[in-house]
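For reference, the structure discussed in these notes is given below.
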Amino acid sequence: MRIQSLLLLGALLAVGSQLPAVFGRKKGEKWGGCPADDGPCLLSVPDQCVEDSQCPLTRKCCYRACFRQCVPRVSVKPGSCPQDQLRCLSPMNHLCHKDSDCSGKKRCCHSACGRDCRDPARG
């Protein structure tokens, strides 16, 4: 009985450790995020992909300069960026380009005048 209990516990732990990987993403979606898209929209180009599963290895299907293409994914910290209700009157100034540019738990978020490092929104 004791061996069966241990085997059952081991099986539950193995399955449970896979649940976040299965339920946290859509089918075919790869880990990581898309890099910031600052490219100007100069011409209409057809999308090279529709979803991550169409991209090789560690690349993700992301918007870049007005169309979707396979690009290297970037690491994303937990939490979401707070909403910024302000309007910017000065030129855009980016203080970061990806979450890994920010210290600790801070995220690289869009603000009224560009991107900067901010604490994730609560709730």
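Note: Cβ is positioned from N, Cα and C throughout, glycine not excepted.
According to Swiss-Prot, the protein carries these features:
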type: DISULFID; residues: C34-C62; note: disulfide bond
type: DISULFID; residues: C41-C66; note: disulfide bond
type: DISULFID; residues: C49-C61; note: disulfide bond
type: DISULFID; residues: C55-C70; note: disulfide bond
type: DISULFID; residues: C81-C109; note: disulfide bond
type: DISULFID; residues: C88-C113; note: disulfide bond
type: DISULFID; residues: C96-C108; note: disulfide bond
type: DISULFID; residues: C102-C117; note: disulfide bond
type: DOMAIN; residues: 27-73; note: domain 'WAP 1'
type: DOMAIN; residues: 74-121; note: domain 'WAP 2'
type: SIGNAL; residues: 1-24; note: signal peptide
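The structure, with features from Swiss-Prot marked on it.
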residue : record         : DSSP class
C34     : disulfide bond : coil
C61     : disulfide bond : strand
C66     : disulfide bond : coil
C81     : disulfide bond : coil
C102    : disulfide bond : coil
C108    : disulfide bond : strand
C113    : disulfide bond : coil
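Long-range C-beta contacts of C62 (disulfide bond), restricted to its own chain and to partners at least six residues apart, with a cutoff below 8 Å, comprise C34, P35, D37, R68, Q69, C70, V71. Each of the disulfide-bonded residues C34, C55, C66 was scored by the other Cβ atoms within 10 Å of its Cβ; the lowest score goes to C66. Comparing local CB density within 10 A for the disulfide-bonded residues C49, C61, C81, C102, the maximum falls on C61. Only C55, of the disulfide-bonded residues C55, C81, C102, C113, C117, have a C-alpha within 10 angstroms of the C-alpha of C49 (disulfide bond). Comparing C88 (disulfide bond) with C108 (disulfide bond), their Cα atoms are 18 Å apart once rounded. The disulfide-bonded residues near C109 (disulfide bond), taking a 10 angstroms Cα-Cα threshold over the set C55, C61, C96, are C96.
Classification of C55 (disulfide bond) by DSSP places it in coil, neither helical nor stranded. The disulfide-bonded residues considered are C70, C88, C113, C117; of these, C88 has the fewest other C-beta atoms within 10 angstroms of its C-beta. Separating the Cα atoms of C81 (disulfide bond) and C41 (disulfide bond) is a whole-number distance of 25 Å.
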